[in-house]
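Colleague: Provided herewith is a single structure, encoded as structure tokens, for subsequent inquiry.
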Amino acid sequence: MPRRLALGAGLVAVLTYVMASPAAAQELPEGAASQVILDNIWVLIATVLVFFMQAGFALVEAGLTRAKSVGNIMMKNLMDCMAGVLAFLFVGYSIGFGAEALGGFFSWDGFGVPGIDDVAAAPAALNLSPATFFFFQAAFAATAATIVSGAMAERTKFKSYFIYSLVITSLIYPVILSWTWGGGWLSQLDIPFSDFAGSTIVHATGGWAAMMGAIILGPRIGKYGPDGRPRVIQGHSIVLVVLGALILFIGWFGFNPGSELAADALVPQLAVKTLVAGCAGAVIAMLVNWALDRKPDVSMAANGLLAGLVSVTAPVGAIETWAAVVIGAVGGALVVLSVRFFDRRGVDDPVGAISVHGVCGTWGTLSIAFFATFDDAFLGREDAGLLYGGGIGQLSTQALFILVHFVFVTVTTGLLFLAIKKTVGLRVSEEEELAGLDVMEHGAPGYSTEQGQGTGLLPSAGVPVVERV
């Protein structure tokens, strides 16, 4: 995120002000009104791309899990976005970007988004209106939440997952925002942290939450044999996996370039670095897995694409193009090794979310300390990485940022999942898991065998099923 993000709490509706009031437009310098409109339009378009990523997550997770629970996957992703946006609107945004309290460790500005309904307001440092800025940040909050869905697939009670989704978007993720992009203590250090578009703030938050959920939930039935060795549980559609990964690939061109929060000359550079990092991640993941398993695995190549994208999300505003290739390639190799690591230690993550988002998000954030040539896109700093003659100050700050974030997310989400487990319960019964969550949790299969005949409702719903004639 650019340095102007520290002013997020004070954003006002410049676009609506200019468009609603001719007098207001006359007060702006020549060309400024056009830039205001361009900035808002670009960020709105970028946000639509980020929201489109929800479809990509849903397809990847559905493809990597079994058909009997595909509807459950879709419902979780749907509610991560729908309910998550509402939770962020009423509570989360104020915590993330509200007035600073408790020495930069917590923020609060009351419920809702200040100024979101203003038609006219005085111009401020950022060209974005409060509505535009909220729209963009809400998409990021929904992204952090939905990462967890796949890691807990096929065995989680929907009501329990729904509780988690509300809590992470209204409380846990916003606290991290308040420490970082909201201008809190991590941005006030002598050498502030750097995470341009959220390798750690967004992706590692979801990744480490996914790890805690998978550990506390336990593996799927049949995932590990009597000797403790992991077994392969095939997903039901590699086609959905690749389509979902490509949708995410497209959405990332809103995620990273959109984080510039302005329509300026840096946007195409951000797009190119995002592009090459994702490509490098996919190719290297394919090659590494090919060398280990003697086969070029399609799903691992798709996860390598995502790993490269996650890895470059933090450093994308501070590196050269060649470095983006290296960072993405390392991410592609890491995801292959990390998936194996967690699998062999009893952590059942059907989609590799921990590795893609947690491990590679951490790598991307740390890579800034080595590859940054400049960082004028964040807080106006010009700290070079170690490979460019910089000192260890940025490395120390990035390491502190990563450590604090890891501890906070694992402790809070761990306590959350344990509390859910002890109260409403976290896991479905063995009978429900074996039958599949679509029918047992939602009352209808994800794929109907009737080919359009029948109501799609079960008799238990009070409506008889129309039988084939």
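In case you wondered, yes, glycine gets a Cβ from its N, Cα and C as well.
Just so you know, TrEMBL annotations are computer predictions that nobody has curated.
Pasting the relevant annotations from TrEMBL:
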DOMAIN    42-447  domain 'Ammonium transporter AmtB-like'
REGION    448-469  region 'Disordered'
SIGNAL    1-25  signal peptide
TRANSMEM  41-60  transmembrane segment
TRANSMEM  81-108  transmembrane segment
TRANSMEM  128-149  transmembrane segment
TRANSMEM  161-181  transmembrane segment
TRANSMEM  201-218  transmembrane segment
TRANSMEM  238-255  transmembrane segment
TRANSMEM  275-292  transmembrane segment
TRANSMEM  299-316  transmembrane segment
TRANSMEM  322-342  transmembrane segment
TRANSMEM  354-374  transmembrane segment
TRANSMEM  399-420  transmembrane segment
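Quick one: where do these features end up spatially?
Modeller: Residues 8, 11-17, 39-40, 43-44, 46-47, 50-51, 53-54, 57, 61, 73, 76-77, 80-81, 84-85, 88-89, 92-93, 96-97, 113-116, 118, 161, 164-165, 168-169, 173-174, 177, 198, 202-203, 205-207, 209-210, 213, 255, 258, 261, 353, 357 of the same chain lie 6+ residues outside the transmembrane segment (128-149) yet bring a C-beta within less than 8 angstroms of a C-beta in it.
Outside the transmembrane segment (238-255), and at least 6 residues removed from its termini, the chain residues within Cβ reach (under 8 Å) are 45-50, 52-53, 55-64, 143, 197-198, 271, 274-275, 278, 298-299, 302-303, 305-306, 309, 313.
Sequence-distant contacts of the transmembrane segment (322-342) (same chain, six or more residues past either end, CB-CB distance under 8 Å): 211, 272-274, 276-286, 288-289, 292, 300, 303-304, 306-312, 315-316, 349, 352, 354-356, 359-360, 363-364, 367, 371, 373.
Residues 147, 151, 194-195, 199-200, 202-204, 206-208, 210-211, 214, 303, 306-308, 310-315, 318-320, 323, 326-327, 330-331, 334-335, 338-339, 341-342, 347, 382-388, 390, 392, 394-395, 397-399, 401-402, 406 of the same chain sit 6 or more residues outside the transmembrane segment (354-374) yet have a Cβ under 8 Å from a Cβ within it.
Sequence-distant contacts of the transmembrane segment (399-420) (same chain, at least 6 residues past either end, Cβ-Cβ under 8 Å): 160, 163-164, 167-168, 172, 175-176, 179-180, 186, 189, 193, 195, 200-201, 204-205, 208-209, 211-213, 216-217, 362, 365-366, 369, 426.
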